[in-house]
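Novice: Sharing the record's features from Swiss-Prot:
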MOD_RES   37  phosphoserine
SITE      52  site 'Subject to oxidation and hydroselenide loss to dehydroalanine'
ACT_SITE  52  active site
MOD_RES   91  N6-acetyllysine
MOD_RES   91  N6-succinyllysine
MOD_RES   117  N6-succinyllysine
MOD_RES   117  N6-acetyllysine
MOD_RES   151  N6-acetyllysine
MOD_RES   151  N6-succinyllysine
MOD_RES   200  phosphoserine
MOD_RES   204  phosphoserine
């Protein structure tokens with residue numbers, strides 16, 4: 001049974017209210033980073049893969065957003081995942097070299113935060129992604145987006161709010177609350193107006 005099928009009362013009793021309840025270990029190793037340390041920042045969270053057909057497009061656009069908007073308070077977070085077509089089959093220690101020499105290649109280096117490989121769907125999903133999927137069950141640009149090809153579904157249980165492929169995006173406000181989810185087809189760079197709107201808001205007096 002999907003977590004989404006549990007009673008609303010049970011979920012309300014235990015569910016975190018923001019991403020600040022979660023932590024993740026950086027790709028380079030070391031101690032887990034609490035997302036609470038990013039309080040007040042606008043976050044763009046993506047499940048990434050280094051061998052996907054859109055790796056070049058999305059990684060370079062993630063870099064561009066971080067470069068342009070990072071000084072104003074945007075933090076881009078990438079979470080490698082091998083659940084979609086086995087397109088992140090490298091070990092954690094190999095991913096940066098894959099990005100540098102293969103895709104995007106040409107010496108590419110991500111300027112945003114990358115974390116260790118994790119699962120985003122199923123019983124072993126990283127708690128952050130389980131939370132994001134509950135908070136935003138479908139992409140705002142394509143509410144029908146879901147994985148429909150059985151040969152690519154390698155996780156269990158299968159839920160309606162599952163991430164459908166690499167490079168789905170979650171935009172999180174400066175209070176840590178998820179605001180919008182975008183499908184893999186929505187260009188990363190086209191999220192810029194939504195990010196700009198959040199960065200332009202006056203800080204809450206609460």
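From the backbone N, Cα and C atoms, a Cβ is placed for every residue, glycine too.
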Novice: Let me check the 10 A CB neighbour count of residue 91 (N6-acetyllysine). How many other CB atoms are there?
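Specialist: Around residue 91 (N6-acetyllysine), other Cβ atoms within 10 Å: 9.
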Novice: For residue 52 (site 'Subject to oxidation and hydroselenide loss to dehydroalanine'), what is the tally of other C-beta atoms lying within 10 angstroms of its C-beta?
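Specialist: Step by step: centre on the Cβ of residue 52 (site 'Subject to oxidation and hydroselenide loss to dehydroalanine'), count other Cβ atoms within 10 Å, giving 20.
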Novice: I need the CA-to-CA distance for residue 200 (phosphoserine) versus residue 91 (N6-acetyllysine), whole Å please.
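Specialist: The Cα atom of residue 200 (phosphoserine) is 39 Å away from the Cα atom of residue 91 (N6-acetyllysine).
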Novice: I'd like to know which of the modified residues 117, 151 has the most other Cβ atoms within 10 Å of its Cβ.
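Specialist: It comes out as 117.
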Novice: Measuring CA to CA, name the entry from the recorded positions 37, 52, 91, 117 that ends up nearest residue 151 (N6-acetyllysine).
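Specialist: If we rank 37, 52, 91, 117 by Cα distance to residue 151 (N6-acetyllysine), first place goes to 52.
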Novice: When the Cα of residue 117 (N6-succinyllysine) is compared with the Cα of each of the recorded positions 37, 52, 91, which one is closest?
Specialist: 91
Novice: From the Cα of residue 37 (phosphoserine) across to the Cα of residue 52 (site 'Subject to oxidation and hydroselenide loss to dehydroalanine'), what is the distance in angstrom?
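Specialist: So the Cα of residue 37 (phosphoserine) lies 31 Å away from that of residue 52 (site 'Subject to oxidation and hydroselenide loss to dehydroalanine').
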Novice: In whole Å, how far does the CA atom of residue 91 (N6-acetyllysine) lie from that of residue 37 (phosphoserine)?
Specialist: 27
Novice: Count the Cβ atoms, other than its own, that fall within 10 Å of the Cβ of residue 37 (phosphoserine), considering every protein chain shown.
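Specialist: Excluding its own Cβ, the number within 10 Å is 10.
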